[in-house]
Amino acid sequence: MGEMEREGATAKVGAGKVGAGKVGAAKAGAAPAAAQGAGTKVVAAQGAGTKVVAAQGAGAKAAAVGVGKVGAGAKAVGGTIWSGKGLALGLGMGLGAWGPLILGVVGAGAVYAYMKSRDIEAAQSDEEVELRDALS
């Protein structure tokens, strides 16, 4: 039940994660261990089922790099503003591009309320001074 990351693709090896069932679990679990022991490269392709490919040589490394680039490209497209992963505050609230806008509106409202309360306090203070002067 291990998890490996190679070249931007993730291979999950386990009884419930291989193909459509448990049939290839033992073979899939043994393939990465045998492949790494021999100094070969393990590449995983994400699709309907997880495929583990043990490759060796320059051509296989080039193929592995190609798989990594496809995974990175898909990740870059998936992380846009509209999915909530691009332009965001990182608050974990799922606001996406709306987060900075909402924060700006709340900030502007707070500044407006503060300035308004200062004006009201100044007016009350002036009234109190006038009242004190009138009573004395």
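Just so you know, glycine gets a Cβ as well, placed from its N, Cα and C.
Between the stretches 26-35, 56-65, 86-95, Swiss-Prot puts its region 'GL repeat' entry on 86-95. Each residue of the topological domain 'Lumenal' (107-136) gets a DSSP state, and the totals for helix, strand and coil are 29 helix, 0 strand, 1 coil.
Confidence in the region 'GL repeat' (86-95), given as mean pLDDT, stands at 69.
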